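**Q** Mind looking over this structure? Questions follow.
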Amino acid sequence: MSSESISENYVVKDMGLAEWGRREIRMAEAEMPGLMAIREEYRGTKPLAGARITGSLHMTIQTAVLIETLAELGADLRWASCNIYSTQDHAAAAIAATGVPVFAYKGETLEEYWEYTFKALAYEEGPQLIVDDGGDATLLIHRGVERERAYARTGKVPEISHDNKELSIVDALLNRQLLVDAEYWQRMATGLLGVSEETTTGVHRLYHMARNGELLFPAFNVNDSVTKSKFDNLYGCRESLIDGIKRATDVMIAGKKCVVLGYGDVGKGCAQAFKGMGALVSVTEVDPICALQAAMEGFAVVDMDEACQWGDIFVTTTGNVDVITRSHMDVMKNEAIVCNIGHFDSEIQVDALYDDPSLTVHEVKPQVDQIEWPDGKRITVLAKGRLVNLGCATGHPSFVMSNSFTNQVLAQIELWQNSDRYENKVYVLPKQLDEKVARLHLANLGVKLTRMTEKQADYLGVPVDGPYKPEHYRY
């Protein structure tokens with residue numbers, strides 16, 4: 001990176017990319033009607049005026065539109081990506097050029113990634129709100145508080161975890177800060193009004209902390225808004241999965257045996273995508289309900305111990321760990337392709353490949369590696385087991401991200417304006433806001449909504465203007 005791409009207020013790949021980024025941001029705005037409508041609705045009131053917001057979310061063109069929406073509503077912002085491969089460098093440069101501190105470039109090391117997350121949180125008086133994706137900013141604060149409390153009790157700097165490489169990096173960073181300021185994270189947590197979390201994996205973390213009484217501030221589960229999970233997770237993945245695989249490999253998908261591991265909303269989108277391309281699609285599942293859904297859609301539901309021997313393309317969608325193991329990959333056919341579209345790189349045992357000296361790693365191009373076994377067999381691993389759609393392509397289309405990000409903005413407004421209503425628990429946005437997000441996107445698609453009569457509304461026992469479904473309705 002050139003020196004002009006690093007300053008106290010930003011770290012990006014190349015500030016010379018800013019104008020390119022600006023042109024793409026303008027294009028994306030035309031496809032993000034929800035965010036643009038929110039800007040117009042709140043233009044005069046600035047409902048986030050004075051709010052200090054930290055973002056830990058993929059630094060893409062679509063995220064740039066989110067950032068500028070939050071800024072137009074009055075917020076101060078600092079931003080980092082939530083994945084080492086997901087940043088679009090021209091988007092980061094365009095945002096840095098506006099004066100918003102942003103710390104992100106495609107291909108960060110893990111040490112840089114956590115340092116940039118730390119920088120995004122480093123307001124002089126601390127952040128008041130967090131926009132999180134995967135929960136890493138939230139994790140850093142909670143783990144920091146935990147270590148500060150341990151230090152206060154024992155007088156000893158806590159040992160660095162060796163459970164995995166990434167946690168070791170996090171703990172080393174926290175220990176350095178501990179020796180500078182032993183109450184840094186506790187002060188930050190006290191000043192936080194809440195977090196809005198974007199994705200399934202991060203939401204799981206939040207509910208786990210809330211159940212254990214460990215959550216330090218209120219949280220909004222944006223992921224489970226219907227206009228997020230049933231659109232971003234399904235329709236977004238249905239398009240961006242194929243985009244990532246195609247850009248990475250140029251492989252013909254028609255006729256291939258494609259195995260989708262997991263059949264939640266993300267898995268459903270991936271299975272539909274492969275089916276639409278003419279692939280022979282199989283699904284693995286642990287949940288009998290999801291397995292039955294897959295079977296009723298015409299997909300073969302199989303066991304991975306068998307599928308690993310004949311599949312051509314594998315994608316993990318579960319949010320779990322060790323879904324594709326080293327033993328699975330040992331028996332895969334020559335030239336099989338392995339990738340992940342869950343948030344973290346834990347679904348595929350990639351370290352068992354990259355750390356094995358008996359295997360040879362051939363980098364075809366960035367984020368595309370062929371792993372060669374001693375007998376000459378090769379499999380292709382995309383994005384080193386991280387998000388294939390963002391590591392090997394540019395993520396979901398702008399329109400579907402407008403759904404998700406409009407929910408994020410509404411959650412941030414709610415936390416900022418009504419923080420006294422919320423305890424240290426996990427909340428979801430009310431149904432009427434979910435329906436509002438959907439309404440904001442209808443005209444862009446030429447949708448004409450039917451309006452019920454008063455008689456019809458009375459018959460169903462719902463308001464004419466909604467909400468139309470009970471909270472437990474599954475869509």
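For all residues, glycine too, the Cβ spot is worked out from N, Cα and C.
Quick paste of what Swiss-Prot says about this protein:
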{"type": "BINDING", "residues": "T60, D133, E198, K228, D232", "note": "substrate binding site"}
{"type": "BINDING", "residues": "199-201, N233, 262-267, E285, N320, 341-343, N389", "note": "NAD(+) binding site"}
**Q** Would you please pick out, from the binding-site residues G262, G264, the one with the fewest other Cβ atoms within 10 Å of its Cβ?
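**A** If we count Cβ atoms within 10 Å for the binding-site residues G262, G264, the smallest count is at G264.
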**Q** Would you mind sorting out which of T201, G262, V266, E285 (the binding-site residues) have a C-alpha within 10 A of the one on D232 (substrate binding site)?
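**A** The binding-site residues close to D232 (substrate binding site) (Cα within 10 Å), listed in sequence order, are V266.
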**Q** Of the residues named as substrate binders, T60, D133, E198, K228, D232, how far apart in Å are the Cα atoms of the most distant pair?
**A** 17
**Q** Near K228 (substrate binding site) in space, meaning Cα within 10 angstroms, which of the binding-site residues do we find among T199, V266, E285, I341?
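**A** For K228 (substrate binding site), the binding-site residues whose Cα atoms are within 10 Å come to T199.
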**Q** Please report the number of other Cβ atoms within 10 Å of the Cβ of V266 (NAD(+) binding site).
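**A** Taking all protein chains shown, V266 (NAD(+) binding site) has 28 Cβ neighbours within 10 Å.
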**Q** Fewest other CB within 10 angstroms, which one of the binding-site residues K228, H343?
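**A** So among K228, H343, the binding-site residues given, the one with the fewest Cβ atoms within 10 Å is H343.
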**Q** Relative to the Cβ position of I341 (NAD(+) binding site), how many further Cβ atoms are located within 10 Å?
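**A** A count of 31.
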**Q** Return the count of C-beta atoms lying within 10 angstroms of the C-beta of D133 (substrate binding site), excluding that atom itself.
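**A** Step by step: centre on the Cβ of D133 (substrate binding site), count other Cβ atoms within 10 Å, giving 26.
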**Q** Around E198 (substrate binding site), how many other C-beta atoms are within 10 angstroms of its C-beta?
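**A** Result for E198 (substrate binding site): 27 neighbouring Cβ atoms inside 10 Å.
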